[in-house]
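A.B. asks: What Swiss-Prot lists as GTP binding site is 15-22, 58-62, 118-121, and the listing cites similarity to another entry. Residues annotated as motif 'Effector region' in Swiss-Prot, with similarity to another entry given as evidence: 35-40. According to Swiss-Prot, the S-geranylgeranyl cysteine annotation covers 229, 230, on the basis of similarity to another entry.
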């Protein structure tokens, strides 16, 4: 792949309302938390000497009305699943969000996921979801979707973040962007190899057809063609 070509990545954040998805995105883009801009934002950086343009999409509160459209999910390259460490319901809802993504065709073997537990800065006694519970969920999800998949699924990485203390926000985004980037490269190479194989197969088929056509022509016609050519 041309290192000078800009690679576009679409990263979406999903999770229950109020877990801090918008604030996480604003911190990543270094935007004031009071900024009411919704939709998506773009950030550019370099991964392995490749220029990458990352588009991050926010649900903008639509999840409250179960109204996320297919356009929100369309062509996403990576997913950040979010919950709040002080909200058990948001953790339990992760399965529903994962199923929602799969409903739109974004299977774990096609699109990388990471898990983010936000509000980690809260005093420990307010934590109802600990690190082990989150990591166990990640392991279970991998085993659950490994069935019927012909390749090893990547581990789902878990990050504990804080928008107040700026803990692990950049690390989480760099992680999912790198996974999405590497996955996109693999897909591009796979398509290129498939196209090359198809072209080679088509060429072989064309050659075989030409040989078959030649062999099926009666001898006298071959001779006539040769004489016609020679005596033109």
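If you go along the chain as it appears here, the first residue is 1 and each next one adds 1.
Glycine is treated like the rest: Cβ placed from N, Cα and C.
Remember, predicted model here, so these are calculated numbers, not experimental data.
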A.B. asks: Tell me whether residue 15 (GTP binding site) sits in a helix, a strand or coil according to DSSP.
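C.D. replies: It is in a strand.
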A.B. asks: Pick the one among the binding-site residues 15, 18 whose Cβ has the fewest other Cβ atoms within 10 Å in this structure.
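C.D. replies: Relative to the other binding-site residues in 15, 18, 18 has the fewest Cβ atoms within 10 Å.
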A.B. asks: Of 21, 120, which of the binding-site residues has the most Cβ neighbours inside 10 Å?
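C.D. replies: The residue with the densest Cβ neighbourhood is 21.
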A.B. asks: Over the motif 'Effector region' (35-40), what does the predicted model average in pLDDT?
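C.D. replies: It averages 68.
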A.B. asks: Give the helix, strand or coil assignment DSSP yields for residue 21 (GTP binding site).
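C.D. replies: Helix, per DSSP.
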A.B. asks: Across all chains shown, how many C-beta atoms besides its own are within 10 angstroms of the C-beta of residue 59 (GTP binding site)?
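C.D. replies: Looking across every protein chain shown, the total is 20.
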A.B. asks: On the three-state reduction of DSSP, what should I expect for residue 120 (GTP binding site)?
C.D. replies: coil
